[in-house]
Amino acid sequence: MGKYIRPLSDAVFTIASDDLWIESLAIQQLHTTANLPNMQRVVGMPDLHPGRGYPIGAAFFSVGRFYPALVGNDIGCGMALWQTDILARKYNADKFEKRLSDLDDVAEESWLEENLPSAFAQHPWRNSLGSIGGGNHFVELQQIDQIIDAELFALAGLDAQHLQLLVHSGSRGLGQSILQRHIASFSHHGLPEGSDDALRYIAEHDDALAFARINRQLIALRIMQQVKATGSPVLDVAHNFVSACQIGDQQGWLHRKGATPDDNGLVIIPGSRGDYSWLVKPVANEKTLHSLAHGAGRKWGRTECKGRLAAKYTATQLSRTELGSRVICRDKQLIFEEAPQAYKSAESVVQCLVLAGLIIPVARLRPVLTLKNSGGKKG
């Protein structure tokens, strides 16, 4: 365990192995974050990669002050896994691809009126509910490929004969608006705990957390209705948020930016759209700020993807993967940005967490059909 949880300084740690590549800029950003006032410890996950000033795939613990900029603009972003009643042996790729290709990015008003929970019926951002969003957000039908721990798998309520549905999305424009207002007033200086401004941000942050969770539920509902299926939730875990937390004998604030909690039951670590995802049981560890990787982690920046890939692949070719799955994405730029080649191997990230003693693998899931934003509402 010790050789995989690596101290880079008194306050900076990474979960890493010799076989796992981590970009030097991401390490620099870890050190930069550790130098923020009141910051006590920062931990980079195996999927660590550079962000806009602060790293993604990391957890940060501060005392007396917290930093909304570390959470970023997609407050509440996370993963939700559903068990569907779609029989794997009866899955028809052509039929499902057509049905999901016909689904608009944004839910119709009539659908929202019928399906929105009453608590969100008048929410200012209600029209974004049920929509995936851009970037690395997606919905994916998956099939259990390998059961690694049969007992834990059975306890999870999963069924290997039927397909699973994985939803990765967040608070959409709501989180962005909260961060923009905060940065305009306070820049990157953070907020002293207990202040009126801190309490106001936490209230807005918690609203965005709830909004993101409901959004994932509504996305799953829209998808299942579109393919005439039903399902039940297995897990829903956010990886972008800040919360009050005690680490050792210190009471403070734990920020997670692309970091999955290890104290919230089973979690899923997704791969790229052409890679396996892994259902795992966390092993709680205070040294790593009770956090795990949230995915495979990028190895290429978005702006370089098309230049690296366009000479080898067309957008149509990228809509099929080496694992035999299909990808629906009418945004021709995004399909290059989110190509499997732009990401690390999910297995390398999972293996690093296993060697560090931080997870117990439960099952491996293979992508079947991935849906991403089309780049605008289909009309």
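Cβ coordinates are placed from backbone N, Cα and C, and glycine is handled just like the others.
The active site, GMP-histidine intermediate annotation in Swiss-Prot covers H294. All protein chains considered, the CB of H294 (active site, GMP-histidine intermediate) has 30 other CB atoms within 10 Å. In this structure, H294 (active site, GMP-histidine intermediate) belongs to neither helix nor strand by DSSP; it is coil.
Cβ contacts within 10 Å of H137 (Mn(2+) 1 binding site), excluding its own Cβ and spanning all protein chains shown: 20. Under the DSSP three-state reduction, H137 (Mn(2+) 1 binding site) is assigned to coil, being neither helix nor strand. Here Swiss-Prot flags D74, C77, H137 as Mn(2+) 1 binding site, drawing on similarity to another entry.
In the three-state DSSP classification, H168 (Mn(2+) 2 binding site) falls within a strand. Its Cβ placed at the centre, H168 (Mn(2+) 2 binding site) has 24 other Cβ atoms within 10 Å. According to Swiss-Prot, the Mn(2+) 2 binding site annotation covers C77, H168, H239.
Taken from Swiss-Prot, the feature GMP binding site applies to N136, H137, F138, V139, E140, H239, N240, S277, H294, G295, A296, G297, K372, supported by similarity to another entry. Non-local contacts of K372 (GMP binding site) by the CB criterion (under 8 A, 6+ apart in sequence, same chain) comprise I132, G134, H137, F138, R273, V327, I328, C329, D331, L334, I335, E338.
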If you measure H294 (active site, GMP-histidine intermediate) to H168 (Mn(2+) 2 binding site) at Cα, how many Å is it?
11
Under 8 Å between C-beta atoms and at least six apart in sequence, can you list the same-chain neighbours of C77 (Mn(2+) 1 binding site), or say none if there are none?
H137, H168, S169, G170, S171, G175, A212, A238, H239, N240
Non-local Cβ contacts of N136 (GMP binding site) (under 8 Å, 6 or more apart, same chain)?
H168, G295, E338
D74, C77, H137 excluded, remaining Cβ within 8 Å of their centroid (Mn(2+) 1)
G76, G78, G133, G135, N136, H168, S169, G170, S171, G175, A212, N240
